[in-house]
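Engineer: Take a look at the following structure, please.
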Amino acid sequence: MFHATTILAYKGKNKAVIGGDGQVSFGNTVLKGNAVKIRKIHNGKVLAGFAGSTADAFNLFDMFEKNLEHTKGDLLKAVIEFSKEWRKDKYLRKLEAMMLVLDRDKIFLLSGTGDVVEPEDGKIAAIGSGGNYALSAARALDKFADIDEEELVKESLKIAGEICIYTNTNIKTYVLE
């Protein structure tokens, strides 16, 4: 598990949202509390976030964005092509990062081994050290609360930040409407 962050993605009825906390940890020390680990890519039509090694994640963002451009924004095709590249390349297989990517229609988790996972419910995914806490909170809020999509992500990440020592409550979100 990567002890650096928590990223949560949620695809609701009206909006797709990605959010992340701002903490960067090195061992048991907080190096930075306001890092931004999420992005809007492909002309703002796709949201992406990472957990793990920052340098590795930036390389993965760049590679994924090239695949997205090559597939003319088809997220499913882009993640499949990206996964194939990831698995074939000896250097990439050693990267210590995971990504979440989503658009208004699909959401995917890209693992550090090149696996592509679409969440079972098709709408909520989380990665990072506080990922399971954020995922649990998001599922509960999705099931029982009448709450805006962005607020659901913020509240879920806040709960994760209150529990996980590698996650803080300095939360940044991006929304696709």
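The backbone N, Cα and C atoms fix where each Cβ goes, glycine too.
Swiss-Prot feature annotations, pasted as is:
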| type | residues | note |
| --- | --- | --- |
| ACT_SITE | T5 | active site |
| BINDING | G161, C164, T167 | Na(+) binding site |
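Please go over these features one by one and say how buried each is and what sits next to it.
Structural biologist: In the shown protein chains, 31 other C-beta atoms lie within 10 A of the C-beta of T5 (active site).
In sequence order, T5, T6, D21, Q23, G128, S129, G130, Y133, L157, A160, G161 make up the list of same-chain residues 6 or more apart from T167 (Na(+) binding site) whose Cβ falls under 8 Å from its Cβ.
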Engineer: Let me check the 10 A CB neighbour count of C164 (Na(+) binding site). How many other CB atoms are there?
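Structural biologist: C164 (Na(+) binding site) is surrounded by 21 other Cβ atoms within 10 Å.
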Engineer: For Na(+), what surrounds G161, C164, T167 with a Cβ no more than 8 Å from their Cβ centroid?
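Structural biologist: Neighbours within 8 Å of the Cβ centroid, excluding G161, C164, T167: T6, D21, Q23, S129, G130, Y133, A134, L157, A160, E162, I163, I165, Y166, N168, T169.
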Engineer: Please work out the number of neighbouring Cβ atoms within 10 Å of the Cβ of G161 (Na(+) binding site), leaving out its own Cβ.
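Structural biologist: Other Cβ atoms within 10 Å of G161 (Na(+) binding site): 22.
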